[in-house]
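Participant: Residues annotated as region 'Disordered' in TrEMBL: 1-20. TrEMBL lists 46-67, 79-99, 164-185, 191-209 with the feature transmembrane segment.
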Amino acid sequence: MSEEPGASSPEPPARPTELSPSVRAQLLATEHWSLLASRSTTQGEVLTRISMFLTFTSASLLSVALVGNATQFSDAFRAFALTVLSIDLVVGLLTHVRVMSVGMEDLMYVLAMNRLRAAYVDMDPGIGPYLMAGAHDDEEGAKRTYYFLGVRTDFSQVAGSSMVFMGFVNSALIALLLGSALLTAGLPPVVAVPVAVLVALAFFGTSLVRGHRRYLAVWKNHPPVSPSTH
């Protein structure tokens, strides 16, 4: 349909007005508080999950001991113990998956808040020396936020993490379950125990490698807006 003669063309949209520094600071602070709340909620949720898993595992292992005494460790007890250990392992693996996801989410929140601090410094460079947390959304900035007081080794950061803790607990459950299953199947302890230990160590090593790869992938896929070397 052709345009009628004399019809006025629509006016272009007006350009957005430049916000004052105070309004920009307020918007950034609102986003900052939102990220803080989300990070706190996520950390609280995963700690609750870990506590629930440990409580469930402790109670189930206690029930195995009580049933063993009541049944004189009969064949029915062996089936019961394998079932309970299998359930514990499934719950542990699900918790482990969530712990690894939360680790990446926590890094995501740290980088987002570092980027906001970089915006604060851009608006007022004088506040830079007073910020203890990092103001760069790269690996060095994230390490600064996780530990303000100088340099901390990567080993201590990783070894004390919830991911390693859950990996170790699940490895122990795997060793218990597999060793018990092999002994129930008739294998001698000299064979069942080493096989169970090797499988548990393989799982633990695999979980560490997967976690490290996910961590490295962040820096490949995340281009920083305010790198430390700019």
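Using the three backbone atoms N, Cα and C, a Cβ is placed for every residue, glycine included.
Note: TrEMBL annotation is automatic and uncurated.
Tell me what's around each of these sites.
Facilitator: Residues 46, 49-50, 53, 56-57, 60-61, 63-64, 67-68, 71, 162-163, 166-167, 169-170, 173-174, 176-177, 180-181, 184, 207 of the same chain, all 6+ positions outside the transmembrane segment (79-99), place their C-beta atoms under 8 angstroms from a C-beta of that stretch.
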Participant: In terms of Cβ proximity under 8 Å, which residues at least six beyond the ends of the transmembrane segment (164-185) contact it?
Facilitator: 50, 54, 57, 78, 81-82, 85-86, 88-89, 92-93, 95-96, 99, 158, 191-193, 195-197, 199-201, 203-204, 207-208
